[in-house]
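K.L.:
The structure that follows is given in the form of structure tokens.
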Amino acid sequence: MTIRFIAASRLPTPWATFTMHGFEDETTGKDHIALTLGEIDDGAPVLGRVHSECLTGDALFSMRCDCGYQLQEALKRIAAEGRGVLLYLRQEGRGIGLLNKIRAYELQDGGADTVEANERLGFGADMRRYDICVPMLEHLGVSTLKLMTNNPRKVDALTRDGVIISERQPITTGLNPHNEQYLSTKADKLGHMMALSDFTQASDVDIERRS
Ligand SMILES: Nc1nc2c(ncn2[C@@H]2O[C@H](COP(=O)(O)OP(=O)(O)OP(=O)(O)O)[C@@H](O)[C@H]2O)c(=O)[nH]1
Ligand SMILES: [Zn+2]
């Protein structure tokens, strides 16, 4: 795996003006992004989010999952802290790609849960890798993250790959009638450390997304 830094630019958002760093994974041809705010290369733990691409949730306002809500919440928390990093990894659909995710959604429309749907298509429940984060964080001078996630497998994988996770911060936002079942399955079958009662409702966030 070779990750090559390509360029960095300003990225103004409603919450802060981040610096956007573009990387190319020369093995897969995928491009990945890091958004950073403030001085993050001083050795102190950095508030961070490792976010996997979800075109439908992140860009198309899908309410089937919690991805778009989490993305917005993570950027807001980093802006409030004045310092942090968000790695945006192009591993759509837990690593199966956009078109296979649509196939999986079709099966879920017919009654399968998110794990069964992946398995019926011949995939594992979660095909993602996090080793690409290591050279990206190295480039940014970050060794230790205060990680915003509910996913213990993400914490374990990053730790195995050499990233120090000093703290885990839950990120439970965007509950709505369309993703309630999906979020329950993530907690029951994928081990996410969350209960539906922890969640804020999507409606509050949704209004802000449109403003
Ligand atoms: N295959 C598949 N992928 C999905 C589905 N819903 C969301 N995704 C993808 O799942 C990824 C996000 O994973 P999540 O399980 O929501 O969250 P996580 O990153 O593991 O954990 P958190 O850090 O707590 O958000 C993105 O790549 C989405 O495209 C689904 O029903 N099927
Ligand atoms: Zn999603």
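Any Cβ shown, glycine's included, is placed from N, Cα and C.
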K.L.:
Among Thr36, Thr114, which is the one TrEMBL gives for the GTP site where Arg49, Val50, His51, Ser52, Glu53, Gln70, Glu92, Gly93, Arg94, Thr149, Lys154 also bind?
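P.N.:
Of the residues offered, the record points to Thr114.
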K.L.:
Can you tell me how many other Cβ atoms are located within 10 Å of the Cβ belonging to His51 (GTP binding site)?
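P.N.:
Other Cβ atoms found within 10 Å: 21.
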K.L.:
What is the Cβ neighbour count of Asp126 (active site, proton acceptor) at a 10 Å cut-off, with all protein chains included?
P.N.:
19
K.L.:
Count the other Cβ atoms sitting within 10 Å of the Cβ of Cys65 (Zn(2+) binding site), across every protein chain shown.
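P.N.:
Cys65 (Zn(2+) binding site) is surrounded by 21 other Cβ atoms within 10 Å.
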K.L.:
So which recorded positions out of Arg49, Cys54, Cys65, Cys67, Asp126, Thr149 are up against ligand 2, CB under 6 A?
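P.N.:
Going through Arg49, Cys54, Cys65, Cys67, Asp126, Thr149 in sequence order, those close to ligand 2 turn out to be Cys54, Cys65, Cys67.
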